[in-house]
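Features of the protein shown, as given by TrEMBL:
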DOMAIN    A:4-258  domain 'CN hydrolase'
ACT_SITE  A:Glu44  active site, proton acceptor
ACT_SITE  A:Lys125  active site, for glutaminase activity
BINDING   A:Tyr131, A:Ser188, A:Lys194  L-glutamine binding site
ACT_SITE  A:Cys161  active site, nucleophile
BINDING   A:Gly333, A:Leu334, A:Ser335, A:Gly336, A:Gly337, A:Ile338, A:Asp339, A:Ser340, A:Thr434  ATP binding site
BINDING   A:Asn410, A:Glu439, A:Lys558  deamido-NAD(+) binding site
REGION    A:481-513  region 'Disordered'
COMPBIAS  A:498-510  compositional bias 'Basic and acidic residues'
2 protein chains.
Amino acid sequence: MAQLRIALAQTNPTVGDLDGNADKLVAWTRRAADRGAHLAVFTEMFLTGYPVEDLVLRTSFVDASIAAIEEVALRLDREGLGDLPVVVGYVDRAGLAPRVGQPKGAPLDAAALLHRGRVVARTAKHHLPNYGVFDEYRYFVRGDRLPIFRLHGVDVAVAVCEDLWQDGGPVAVVGQAGAGLLVVPNASPYEKEKDDIRLELCARRAREAGSALVYVNQVGGQDELVFDGDSLVVDARGELVARAAQFREELLVCDLDLPVSSAGTGSFPYDAGDGTTITVDRLVLSDDPLPAYEPEPPSVAEPLDTVAEVYEALVLSVRDYVAKNGFESVILGLSGGIDSALTATIAADAIGPSRVHVVLMPSRYSSEHSLSDAQDLVRRQGLRAQVVPIAEIVTSFEKEIELSGLASENLQARVRGMILMGLSNQHGHLVLTTGNKSELATGYSTLYGDSAGGFAPIKDVPKLMVWELSRWRNAGGDPSFRLQVDEPIPPNSITKEPSAELRPDQRDTDSLPPYEVLDKLLDDYVEKDMGSRELIAAGHDPALVARVIRLVDLAEYKRRQYPPGPKITPKNFGRDRRLPITNRWRETT
Amino acid sequence: MAQLRIALAQTNPTVGDLDGNADKLVAWTRRAADRGAHLAVFTEMFLTGYPVEDLVLRTSFVDASIAAIEEVALRLDREGLGDLPVVVGYVDRAGLAPRVGQPKGAPLDAAALLHRGRVVARTAKHHLPNYGVFDEYRYFVRGDRLPIFRLHGVDVAVAVCEDLWQDGGPVAVVGQAGAGLLVVPNASPYEKEKDDIRLELCARRAREAGSALVYVNQVGGQDELVFDGDSLVVDARGELVARAAQFREELLVCDLDLPVSSAGTGSFPYDAGDGTTITVDRLVLSDDPLPAYEPEPPSVAEPLDTVAEVYEALVLSVRDYVAKNGFESVILGLSGGIDSALTATIAADAIGPSRVHVVLMPSRYSSEHSLSDAQDLVRRQGLRAQVVPIAEIVTSFEKEIELSGLASENLQARVRGMILMGLSNQHGHLVLTTGNKSELATGYSTLYGDSAGGFAPIKDVPKLMVWELSRWRNAGGDPSFRLQVDEPIPPNSITKEPSAELRPDQRDTDSLPPYEVLDKLLDDYVEKDMGSRELIAAGHDPALVARVIRLVDLAEYKRRQYPPGPKITPKNFGRDRRLPITNRWRETT
């Protein structure tokens, strides 16, 4: 057996910021060297950030990524870090002839091994995910090479992210070819309670590959995704050895005892067990095991419980959306209800209360406690607040056009949306919307009204979870939050009955079933794609099933209304060309 | 050689309307029988409509499709049409065990051969497109069977749509296995001048397969896509034999002389030349050639020229969006400018002027000709018009919040958007937006203002093409249009200089380069994904390249602002669950 100290760089890159990410690569490699590491492993596409979406179809962007990986290898060497091998993700290209349907330029979701100023090995993701939030058949072609490099006597293989999730492919080939360690750069988005699945997966794949496994995951918010880190190391039997924290950057250092190899070098084809052939490229950096040294005790972070985990995800996503998109401040409407109270609190935790601007917009239907609960929250947190009554603006519309019922309720929501957008345009604040998942799913929201805004922190949070998060936050929070006050949310906002207050004495339960019933049904219908018969068989009330399906489908229809329009050229805006929202790469630079 | 009369059913199905599409299948099969056809071929996924997007992930929907294909086979037989073989697309499932990333239920983009009350052969698309408007790796698994059935002595193979566009796969297997005729159901969206590419492709594939080729394409608007038909028949040398019109339903009947086969029956594996194996299923419906009969003279429609083609695409897309989504009327703002004038005219051509409601919304910055040009258009076309001045509403906002510059310009656009949305909510009209592609691409548009609406007929039409379409329409039009007046568009709206009129003496050229320059640059940057160096090398002015790239990227960013939000569950609204906008299938029925 031979010892190796691996440094897992659980970092937060920014999409398109090739220079900034390269700076971070150098800084974190230095930290790894200072900790005595023998190998540093960064995340998937760390150098470009992930996901880069349609940027990858731009020739100039792929050129820039390839140039950047060569340059950073040289720079590491110049800065005295060349002897520490670094595995890092970037974008490369396969050099295939163009054909119909192949992404322009045949890009690869690649990883490189940097050593002594050179890129000494390259690989690329073999299994391309194209489900859930992933559209990678649109962006990449599959890799078909697996590097295995000898480091101080130990054979180290490199695979990328999805290659762990699918049967066959690189992991199966590691099992045949043999390696002491498999390192895997990832950009695996956070999902509620995904940490449990991830550990089980890594353990299973380690046993299948017959090698220890190092899983390094991105952390940070990126557009509508948030990455939780949770990097980990398991041994060849699948036992957890070390684990990083969730939702923060961390250099996780881990000492491993690994088998020594004396396999030859060269390139060898293997049947990947998925109908393809993968070529193993064997090379040697150093054959001799290290002299024995005292290992550091392994660091094993405790995973967060579910509510804490979700709250941390929301805070991080707001913080990074604001920072990575260059905003200084946010603005939102504060109604006195729990959704806007929680959204404001998350924002204050993310960027500090002095950068959170709130607007109280009472109407003729606002109850007394609405304004007083909102003012109570402003006082508790020290937010920047202003009051803009909407009654006279609403009246000015009603003088020109006759509106009643729902059209009149929507008008009030839209006047509020216009006030926020106007202040945003005037002062440069990012507008946060405050709708939760239960009401967005059922269409309990006004197009161009309360849904108007730049970021929707709780759009994926069901109403019951909104209350849970609020109670969790009032009970404590986290020392890293920028807002440090006790009980930041007015208890009355948590306990009172929810209402949109768009007509006299309105209650959510006038239009919707109780949230205890609704949230479960929405989860089964929307997340699990169950049909009506399945839903009824699962115990949901048949009349309610019919009603909620109608609400959800109608709401989805309305959300999709704009921007459809006919297609007359091969691409059109809104669907085909999809640049990341946060993107620091500029075509003109 | 043996004769066969093929009927190509170039039809307009509605997504999710299984009953309506089945009725149409029966009616058109009867028409084919009445014309003496020996084989009727319908379009890809005709029974379900195309594209069905996330509906296909619902077990109940796939069940319904499979039940519907069996039922319609029986019904054809009951109605005396069982002897006429019918090839038609529907959705089936592959029956694979679930695995990570595989679409739920492993759906197939299938086609069936119906004969004498039974489904006698099934196939499914082998090549799944996942580029441009297609996301089929998300929705389907690939088919691996190719039926070849003997009909009156002729071997007829069946492949589906994308199988024509890719090398290898079913067409290559037909070339090896041998068949007299290859029939291909399609749902191939319209693109400008795609008809030329399509004919060339069919000719090439016919030569490759060594067989005549029948290409049947869907027609009609479906959400943001429009299908142009243009069904055609080529012989084994690739010569055009028959061709249907664009943008209308047509039963194209074509007599062919085809080689007689005596190959045996059974199932045989073939190397598909793309790394996969395809199994050919040979069966016999009828071995004996037909007695000689007098063929009908082939019908060969002349393709439309480019401007006519685009105009017809826009009219059809509006007509079908309105009808398939159950609207009775549309509403739009009429400024006196050319974009709203053209949009109103397209709408009047599509659904008739009495169902087109227009609102004239003068502001303090509107010039005199704006109102008079708009009124002139109303008079020429007989639209339903009302005037709603916005000055006092704008003032009521300005009393409450201080806005200047762009924020104040946006306010005016948003007040207009709210008036249209209010009237839409009150009266049920579909709001049409009037932005063209050049201004949407460059962000010359207000979020929640002029961009607020349900359908954007000219969103993919560059400004120069807006003028071309207007001149084309004023020069004549088409006898099928619902609006039949001479010169429907006021000439002054076509010839005057474009302006948004959101501040005094504003002109488009204050903020944008001349459209002659801009439209070419946008095409190179957005459609062709050229980088800045490529753009400059192509002759564009470097300063303008930098400026337009900045405008376009910023506009895309703004368009994508809502609804991002963090992801905490495996799916979230707006991205993952994507039901077609037009959808007649109801989970609860």
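For all residues, glycine too, the Cβ spot is worked out from N, Cα and C.
Computed from a predicted structure; not experimentally measured.
Overlay of TrEMBL feature records on the structure.
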residue: A:Glu44; record: active site, proton acceptor; Cβ neighbours (10 Å): 26
residue: A:Lys125; record: active site, for glutaminase activity; Cβ neighbours (10 Å): 26
residue: A:Cys161; record: active site, nucleophile; Cβ neighbours (10 Å): 27
residue: A:Ser188; record: L-glutamine binding site; Cβ neighbours (10 Å): 26
residue: A:Lys194; record: L-glutamine binding site; Cβ neighbours (10 Å): 19
residue: A:Gly333; record: ATP binding site; Cβ neighbours (10 Å): 24
residue: A:Ser335; record: ATP binding site; Cβ neighbours (10 Å): 25
residue: A:Gly337; record: ATP binding site; Cβ neighbours (10 Å): 23
residue: A:Asp339; record: ATP binding site; Cβ neighbours (10 Å): 23
residue: A:Asn410; record: deamido-NAD(+) binding site; Cβ neighbours (10 Å): 24
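Comparing the Cα of A:Tyr131 (L-glutamine binding site) with the Cα of every entry in A:Cys161, A:Thr434, A:Lys558, these being the recorded positions, the smallest distance points to A:Cys161.
Per DSSP, the compositional bias 'Basic and acidic residues' (A:498-510) is made up of 3 helix, 0 strand, 10 coil. A distance of 24 Å separates the Cα atom of A:Lys558 (deamido-NAD(+) binding site) from that of A:Ser335 (ATP binding site). Looking just at the domain 'CN hydrolase' (A:4-258), the mean pLDDT is 96. The DSSP breakdown of the region 'Disordered' (A:481-513), given as helix, strand and coil counts, is 9 helix, 0 strand, 24 coil. Farthest C-alpha pair in the deamido-NAD(+)-binding residues A:Asn410, A:Glu439, A:Lys558: 15 Å apart. Checked against A:Asn410 (deamido-NAD(+) binding site), the recorded positions A:Cys161, A:Ser188, A:Lys194, A:Asp339 differ in C-alpha distance, with A:Asp339 being the nearest. Packing around A:Thr434 (ATP binding site) is summarised by its Cβ count: 26 other Cβ atoms lie within 10 angstroms of its Cβ, all protein chains included. Closest by Cα distance to A:Ser335 (ATP binding site), from the recorded positions A:Lys125, A:Cys161, A:Ser188, is A:Ser188. Among the recorded positions A:Cys161, A:Gly333, A:Gly337, A:Asp339, A:Thr434, none has a Cα sitting within 10 Å of the Cα of A:Lys194 (L-glutamine binding site). Note: A:Tyr131, A:Asn410, taken in sequence order from the recorded positions A:Glu44, A:Tyr131, A:Ser335, A:Asp339, A:Asn410, A:Thr434, have a C-beta within a distance under 8 Å of a chain B C-beta. In the structure as shown, the Cβ atom of A:Tyr131 (L-glutamine binding site) sits within 10 Å of 19 other Cβ atoms. Under the three-state DSSP scheme, A:Gly333 (ATP binding site) falls in the strand class.
Taking the binding-site residues A:Glu439, A:Lys558 in turn and counting surrounding C-beta atoms within 10 angstroms, the largest count is reached at A:Glu439. A:Lys125 (active site, for glutaminase activity) sits 44 Å from A:Gly333 (ATP binding site), taking the Cα positions as reference. When the binding-site residues A:Gly333, A:Asp339, A:Thr434, A:Glu439 are screened for a Cα within 10 A of the Cα of A:Ser188 (L-glutamine binding site), none qualifies. Note: the Cα of A:Cys161 (active site, nucleophile) and the Cα of A:Glu44 (active site, proton acceptor) are spaced 7 Å from each other. The shortest Cα-Cα distance between A:Glu44 (active site, proton acceptor) and any of the binding-site residues A:Gly333, A:Gly337, A:Asp339, A:Thr434 is the one to A:Thr434.
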